[in-house]
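So the structure is just underneath, and the comments pick up after that.
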Amino acid sequence: MEQGGEAGTGGGLGNLRALLAILQWWGFNVTVIIINKWIFQKLDFKFPLTVSCVHFICSSIGAYIAIHVLKAKPLIQVEPEDRWRRIFPMSFVFCINIVLGNVSLRYIPVSFMQTIKSFTPATTVILQWLVWSKHFEWRIWASLVPIVGGILLTSITELSFNMFGFCAAMVGCLATSTKTILAESLLHGYKFDSINTVYYMAPFATMILALPAVLLEGGGVVTWFYTHDSIASALVIIIGSGVLAFCLNFSIFYVIHSTTAVTFNVAGNLKVAVAVLVSWLIFRNPISPMNAIGCAITLVGCTFYGYVRHLISQQQAVAPGTGSPTTSQTNSPRSRMEMLPLVGDKQEKV
């Protein structure tokens, strides 16, 4: 497991770099979430497929500029056959994941949506257990208890509960988990970073989503265009959300290579708390005390899950008394017991 290089050993400069990386990641992430909610709620642009399509188009253009113009990352060459056999299925799941996230944001508060997304570690473990017949240590299952309990408490006590938005968010968790798991097999042999991932997947996602967006939302978008006041500023906000969505992918690349796995896990869960707080300050959606407690339990559970997973991976990597892995250890049943990929953008830490 990559330990973040300079961030782990570079002293004060490395710590400062890690802090700046985390802050800009938080900034882009929270801003994208808030702007998307603002588009749906304040601009009355209630078309999540179209918003997702704008994001994919901006991400396609941004990734091209980052790789070919700015030379921020070298292009990872992919065989044409693999683009359809490997990248396209991943892009399909990637598209569903993004669309469902925006659909849920259209119907439920940011605080509730972000809490449900924290359920992704549990869906990843359960999917691998049920579908791929993988088995995990009892510590992994135990660490999921507070996540599941927190989600249940939050859902029961949510004052702005909407079943459609809730189901979209839950299926989105399954899509995220499926994408993470499929990446192990479909992208085997390719070491994608977040920029190259967007470079290859965003154009496919645009192609997949464009026709459904036109058929299902085209008429509504045209009507909105002719009836909405201040159309120019509204379009700037909508297109700006797409640009920021790409910048978020770029910021993920930066933070992954500036922090350790443990720091990344903790920062990711604190990011959810920041998003919940900021969204409440802006939209003032009602949050009951029990709902806030449920959200807190979920985030603590996610942090505990990441810590447990880190401990197990460290124990598997280093043989007691030798400081290095041994053949017998890496081939042992326990070594094969817990091979869970980190969720979502944490994949690059594996």
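Any Cβ shown, glycine's included, is placed from N, Cα and C.
As stated in TrEMBL, the feature transmembrane segment covers range 138-157 out of the listed 118-137, 138-157. A mean pLDDT of 91 is what the model gives for the domain 'Sugar phosphate transporter' (17-305).
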